[in-house]
């Protein structure tokens, strides 16, 4: 029959035909996707539920004028299965993948909430940073040259060639926000600050270097879009979803994206900033602890036995995370895909002020010449930006 876009009605028919439910079952189906690229259906029969996610042949946020390969569903399914090999507790179970329809059938996570939404509503998720830090520590180590022999890594890399979605990252994270491109989206009150960034040659030189790192450094399998909207959580559980941007890339990329989205939440949620900074600090400490233990116990690369090599690697990861965080903060403020943390601020004057702070924070992160791997740098730069008279760096 070939590819066709599912509806709530045809999704019910599909799951029955594929044997996920009995043909006589009464199934309730809702389209629940709020993302930019896919349809997501929640189906349940009163006893159990499943999720059906279907990739569209175009970017939903733009329309059919922006075509995309359906292979990203295969990328996502493959990434979830790789992640499950190392950290099954932190990803949803995959029940099936239909390549022709670009469909993934997976575990129902409706008992959990999206972290971005929960944070905005005042949730704290005490185990979030531990879980994300451990997830990244294991996945990045085991898919890097430090934990995977080079032949296997090259074969795995070949399975995650993801040109369409990598191009989105190249454009929307590293290029468009730093110039006058039509994909940008911002309030006119930000124009003078934005033009200041566009004219900052030192800033653009830094962005150029981070873009080049993303283009060329195939260090490990990265999620590629790890933000608070791609994580479900409760007070006890964390599940990382939506790795359709997965590819081999820099070790510090996912860390930077995740921390950037925490910073955006901190800008908008003054009363919970200490909770956010707790998570930033703990994410890094759990990542370092996990990565270090695996390096010592399971390192396969010859030079993992050299004691001075690990601190250099961790410093390299941290420096990259700081710069990638800067790009992401700016992108989420004025680029194509915003975050509700900022856009949801009702009072316009405050929203504009917070967005200005976000732009200056992003610039500060990019221009900061990190020495060592001091996680406090995020809090220090943040406090400077939001303090009186500290909006310019």
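Backbone N, Cα and C define each Cβ position, glycine as well.
According to DSSP, residue 244 (ATP binding site) is assigned to coil rather than to any helix or strand. Around residue 244 (ATP binding site), taking its Cβ as the centre, 28 other Cβ atoms fall within 10 Å, counting all chains. According to Swiss-Prot, the feature ATP binding site maps to 38, 53, 107, 108, 109, 242, 243, 244.
The substrate binding site annotation in Swiss-Prot covers 225, 331. Cβ-based neighbour count (10 Å, all protein chains) for residue 225 (substrate binding site) stands at 23. In the three-state DSSP scheme, residue 225 (substrate binding site) falls into the coil class.
Here the Cα atom of residue 243 (ATP binding site) is found 19 Å from that of residue 331 (substrate binding site). It is 242 that, of the binding-site residues 107, 108, 242, has its Cβ surrounded by the most other Cβ atoms within 10 Å.
For residue 331 (substrate binding site), the Cβ neighbour count at a 10 Å cut-off comes to 26, with all displayed protein chains included. Annotation note: residue 38 (ATP binding site) sits in a strand segment as assigned by DSSP.
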